[in-house]
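Presented below is the structure to which this report refers.
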Amino acid sequence: MPNRTIIMDFLLMGFSEQREFQLLHFVVFLMMYLVILIGNFLLIILVVMSNHLQTPMYFFLVNLAIVDLGSTTVTIPRSIVSALMNARRISYSECLAQMFFFVFFLSSDLFLLTAMAYDRYVAICHPLHYMSMMQWKNCIQMAGGAWMVGFLNAAMHTGSLFSLPFCSKVIHQFFCEIPHLMKISCFDPKFSEKWVLLFSAFLGVVCFMLIIISYVKIFKTLLSMSSMAGRQKAFSTCIPHLLVVCLLCGTGIFSHFIPNSGSSDEWNEVLAVIYSVIPPMMNPVIYSMRNKDIKAALWKLFNQRITN
């Protein structure tokens, strides 16, 4: 029977304990966080200030940018301070809050990506019915549903996990992540994981299948298009979205199901960075660099500032 301890705080032992690597961690994470802040805030400002971007696609994109800002803000600043000050201790309540908000934003992210896939499916496969099918009422309901399910999913995970006793306070990760908290629980991690992740796994599979089905139909429609320009424009908006979905889902699955199979802590930390940091950093870049409407709005805003 494992020794149960009343845990008041945890130690986040992510990455190296050597001072040189901690400073490197600080610089790299600070740069990534600044890119995420600037990119996502700029995207939100462009959509809000540009009348021609007031469409369902950009409405969902703004929601995605908010979610990306939230998911990274609950993890990266804490990790930056920890690396700079060598302060690895995090209180029990702070760890609980961090896990809740991270799961909340990450779950909402997946549902928003599903809604965006549906939006592209309607726009490309049913263009004549787009305005009727994607009315603002429907868009608000889909976005609100994504946030609500994300909240419920986070509440379920937080309640289930933090009702368990912990036998250690050492977390080999740079934030309070579900698999690593399961590792230090006093119960069999595999048994806990079966119940704690079951609901999330089901939601994730449903979302991923809906996205795949949407894109299968989208690509079938694109291949039948006679207009090469229209086909290229549709591909330019769909392929980046699909890449982000695959990156998020693929690394997320590995990160949550491999830790208990004997993989190294360093590999788990790299996977966590890939699925929690890279997509929020990529989203504004791929949508702005490959989208003529966003680039036109950015150029217009820049010219207005220069003129004034």
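Note that Cβ sites are derived from N, Cα and C of the backbone, with glycine treated the same way.
Remember, TrEMBL labels are computer predictions, not curated facts.
Keep in mind that this is a model prediction, so the values were computed, not measured.
Record features (TrEMBL):
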| type | residues | note |
| --- | --- | --- |
| TRANSMEM | 23-46 | transmembrane segment |
| DOMAIN | 39-287 | domain 'G-protein coupled receptors family 1 profile' |
| TRANSMEM | 58-76 | transmembrane segment |
| TRANSMEM | 96-118 | transmembrane segment |
| TRANSMEM | 139-156 | transmembrane segment |
| TRANSMEM | 195-216 | transmembrane segment |
| TRANSMEM | 237-258 | transmembrane segment |
| TRANSMEM | 270-289 | transmembrane segment |
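Between the transmembrane segment (270-289) and the stretches 23-46, 58-76, 96-118, 195-216, it is 23-46 that has the most C-beta pairs under 8 angstroms. Sequence-distant contacts of the transmembrane segment (195-216) (same chain, at least 6 residues past either end, Cβ-Cβ under 8 Å): 103, 107, 110-111, 113-114, 117-118, 120-121, 149, 153, 156-157, 160-161, 178, 182, 238, 242, 245, 249, 252-253, 256. Looking at the domain 'G-protein coupled receptors family 1 profile' (39-287) alone, the prediction's average pLDDT is 83.
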